[in-house]
Amino acid sequence: MVASGFIRDTFAASRLLSFSSASPFLGLDYSRRLLHQIDNPNAFTWNTLMRACIRRNSPQFSLPLYRLMLGSDSAPDSYTHPIVVHASAVRSSEVEGKLIHAHVVKFGFDSDVYVLNTLINMYSVCGNLTDARLLFDRSPVLDSVSWNSMFSAHVHAGDVKEAFRIFDSMPEQNTIAANSMIALFGKCNLVSDARKLFDGMDARDMVSWTAMISCYEQNELFAEAWELFHRMKKEGVSMDEVVMVSALSACTKLGPSKKGEVIHGLIIKDGLDCYVNPQNALIYMYSIHGNIVAARQLFDSCSFLDQISWNSMISGYLKCGLIGEARALFDAMPLKDAVSWSTMIAGYAQHDQFMETLELFSEMQVGHIKPDETTFVSVISACARLSALEQGKWVHAYIKKNGFAINVFLGTTLIDMYMKCGTLETAMEVFNGMKHRGTSTWNAVILGLAMNGLIKESFEKFEEMKSCGVPPNEITFVGVLGACRHSGLVDEGRQHFNTMKQVHGILPNIKHYGCMVDLLGRAGLLREAEELVESMPMTPDVATWGALLGACKKHGAIDVGERVGKKLIELEPHHDGFHVLLANIYASKGKWDDVMELRGTMRQRGVMKIPGCSMIESDGVIHEFLAGDRTHPDIEKIDKTLEEMTRRLKLEGYHPDTTDVAYDIEEEEKETTLYRHSEKLAIAFGLISTPPPAPIRIMKNLRICGDCHDAAKIISRAFQREIILRDRQRFHHFRQGLCSCTDFW
């Protein structure tokens, strides 16, 4: 055309430009060059290229073309401004949109309903509902597009009141608008309004049914969602993947049933089984209900797997407790996102595999994957359980450095971690710095202070909680009664136990009864403790009977102890702790035949005593010690430190308490066994690896034994070191020969 001169023909040139701009094989640069070769491009030509820029995802080029058009001899027509206004809306550029609006007025198109509708839409998309509404109210002519644009703007903004007012004023209420209104009602928890509108519709399409089912599902009315889906199916309304996913979600929440399998059959029948969203919903449903085999079969048969598919399958394995299978799938993932890492880390934490939790979090950091709140909570919880204070501090610093908000959930987890690591000052700093505190936050402080022996401060926080208008709950009273239990405050314990129901309307549960039994038993009130167990409105659990058995051991009540011990062994024949406690009661009274018989029973039943394990963190690494352990790389240094500890202990007048050591070994061997308890090995390593004045922090999986408790008090004075030891029951802060528990443990 250039060679023949036809390019000068405006009509022919515009047709060529229309073809080139619409062709996917030719770039927009070619069309722009072609435009510049046309001698007298008209408005149609300019509009064609500007519209093509929007259609081909390059709306940023529309405004420069409009400027060039104004600089030429061509004048914009009634189609020009809607194009550039739409380009501004696509880019959410209100500044550009306002400039075009000024040109609309200048060229006299401000009364054109098509132009006005695009301006209303532009302002709405940019969030300027004031100017959108001003144009709407001043428009001389309003058509269905005008009403729908204004209505959609308020729906998008979530303004249900104004959206409904506009919807109610519409000259013609179409199905699309009604569907949008139902969806908005659902998001705003106005389910009855949504159903009233749904029932009053003259004509419903598939989207109407889907919106109403989703409304029920979003508001946790799962039975209603299923019933409406069933009615939709009965009335022969065609279904798409969206309604199938909503129905599946409702069925999943209703619990295991055949309903989900019915929907699965419909998905296959309607040919929707090749869509990834229904497949993911089915994988989730089967795995959440424990049918992990069906979930895996679906996963393996999927022709297309997205990130949600992999994450759902991993989550399913974790839900079923199949940690190894979940990790194998995680390692096989072609691409892991933050959800993948968070799911796997949370899975380890939920199944008490805390070392693996921290190891995987370290791998996540190496991969430069940004963690989310769920990840932080899992990792901090693992640090709390392992007393890994240094790693917990690092995570806290990372949270602050990267600007994550310390909300109630995250703040409470941090408080719990610092309390369980014995760092009370930092825990209270987090608590005092929180803008919003939930009941769980106060509970973490009350329980933490009590566990660390600060009983008075724990009670003060309980009173402060009530004065702040935060109602205590069942967990709060577990903390309060625990504070009484840890300090032997029998009268206060009775008082709080009684006020639970009388003042706060909280019925005591089995944990509260367990606290009271332990409190009474520790105080030597064994008859009252046993009577309380017998009067419980629920069947006593093994923890409650175990508290009574422990009290019998402490006070040498062999008759009660033997009766309770035998009852416990009947209830839990494979529980090692109850066998050991009863054996110790027999041993304390010299009833060695009974001890031998009980240990024979343990061997017959295959009951193995859980070995005591003490853990200590050094340079961010958790070191574990078992009794008599010689596997540590620094065992020679530990042995030398143990010798020095033994020397200083003897100088301080320490005599090993061999009461609870096996009766069938010599006294000298008993002493040697005591000196190599896991607590003492961990303390020795702490003296080597933790420079003063930092405290030596140790966590033990069982209760600390009496001999190690006495030894730790003397070591804290002899070596001038603070030792913080957390056992299964509480904290022991050893300073200058004293313990925070005041020997009441």
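Glycine too: its Cβ is placed from the backbone N, Cα and C atoms.
Values in this document were obtained by computation on a predicted structure and should not be read as measured data.
Residues or ranges marked as domain 'DYW' by TrEMBL: 653-745.
Listed by sequence, the residues of this chain that lie at least six past the ends of the repeat 'PPR' (42-76) yet keep a Cβ under 8 A from its Cβ atoms are 10, 13-14, 17-18, 21-22, 28, 31-32, 35, 83-84, 86-88, 90-91, 96, 100, 103, 107. Per TrEMBL, repeat 'PPR' is recorded for 42-76 (among others).
The repeat 'PPR' annotation in TrEMBL covers 143-177 (among others). Tertiary neighbourhood of the repeat 'PPR' (143-177): same-chain residues 113, 116-117, 120-121, 123-125, 127, 129, 132-133, 136, 183-185, 187-188, 190, 193, 201, 203-205, 207-208, selected by CB-CB distance under 8 Å and a gap of 6+ residues from either end.
Sequence annotations record features per position, and here TrEMBL assigns repeat 'PPR' to 205-239 (among others). Long-range Cβ contacts of the repeat 'PPR' (205-239) within its own chain (Cβ-Cβ under 8 Å, at least 6 residues beyond either end) map to 175-176, 178-179, 182-183, 185-187, 189, 191, 194-195, 198, 246-247, 249-251, 253-254, 259, 263, 266, 270, 272.
Per TrEMBL, the feature repeat 'PPR' maps to 306-336 (among others). Here the repeat 'PPR' (306-336) has, by DSSP, the following mix of helix, strand and coil residues: 23 helix, 0 strand, 8 coil.
Taking Cβ pairs closer than 8 Å, the repeat 'PPR' (337-371) reaches residues 307, 310-311, 314-315, 318, 321, 323, 326-327, 330, 377-379, 381-383, 385-386, 388, 391, 402, 622 in its own chain, all 6 or more past its ends. According to TrEMBL, the repeat 'PPR' annotation covers 337-371 (among others).
Here TrEMBL flags 438-472 (among others) as repeat 'PPR'. Residue counts for the repeat 'PPR' (438-472) under DSSP, split into helix (H, G, I), strand (E, B) and coil, are 26 helix, 0 strand, 9 coil.
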Using DSSP, how many residues of the repeat 'PPR' (143-177) fall into helix, strand and coil, respectively?
27 helix, 0 strand, 8 coil
For the repeat 'PPR' (42-76), jot down how many residues DSSP puts in helix, in strand and in coil.
26 helix, 0 strand, 9 coil
Which sequence-distant residues neighbour the repeat 'PPR' (438-472)? Criterion: at least 6 residues beyond either end, Cβ under 8 Å.
408, 411-412, 415-416, 418-420, 422, 424, 427-428, 431, 478-480, 482-484, 486-487, 489, 504, 506, 730-733, 740-742
Tally of DSSP helical, extended and coil residues in the repeat 'PPR' (205-239):
26 helix, 0 strand, 9 coil
